[in-house]
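What TrEMBL records for this protein:
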- Cys105-Cys148: disulfide bond (DISULFID)
- 1-63: domain 'Sushi' (DOMAIN)
- 103-166: domain 'Sushi' (DOMAIN)
- 65-110: region 'Disordered' (REGION)
Amino acid sequence: GICPDPPVTEFADVTAEMYPLQTKLFYKCDPGYDREAGAYPGIQCKSEQQGAVWKYRSFKCLDKKNSSSTAPMMELEPTQQPEREPRSPAPQKQDLSESEQKDFCGPPRTVAHASISLPQQHYVGQVLHFKCQAGYDKRAPTSGSRTCREVNGKIFWTSLDIRCTNGS
């Protein structure tokens with residue numbers, strides 16, 4: 001199921017470590033770099049025999065100043081390999097069973113001179129981690145998580161017990 005937009009948490013940085021099946025993410029070239037002509041910036045978490053994997057297409061960012069240069073660039077090649085890099089434990093311990101883990105993709109690959117933002121659309125099972133930005137972390141707790149859940153056909157985000165404020 002598709003989740004509603006998560007409630008806005010002011011002065012907090014939001015990250016995700018795992019993404020449910022169907023999640024789409026998009027690469028964006030850093031300032032000063034342009035996407036190579038015809039390169040598709042999107043990737044999607046799909047189910048394969050070995051579990052959930054990101055489906056990539058070739059994507060690279062070229063320096064605007066010498067975009068005609070023949071300098072070797074990092075290229076992202078399409079692959080069938082599952083994204084199973086070691087993950088640092090989430091702030092709240094997530095004890096996902098092996099079968100549940102098959103339904104989640106790990107962090108996407110890094111691409112030279114590109115960044116990736118959180119998905120526009122979230123799916124049931126998505127966990128978002130919130131951490132107060134420096135200067136707004138005066139009262140504990142200063143970090144926490146929200147999970148998109150489905151219970152009795154109702155889809156909602158779990159509550160978050162942090163308030164990021166500069167104390168004034």
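Note that Cβ sites are derived from N, Cα and C of the backbone, with glycine treated the same way.
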- If you count Cβ atoms within 10 Å of each one, which of the disulfide-bonded residues Cys105, Cys148 comes out on top? Cys105
- Message: Across the domain 'Sushi' (1-63), what does the mean pLDDT come to, as a whole number?
- Response: 94
- Query: Residue counts in helix (H, G, I), strand (E, B) and coil for the domain 'Sushi' (1-63), per DSSP?
  - Reply: 0 helix, 32 strand, 31 coil
- Message: Is it possible to list how many residues within the domain 'Sushi' (103-166) are helical, extended or coil according to DSSP?
- Response: 0 helix, 27 strand, 37 coil
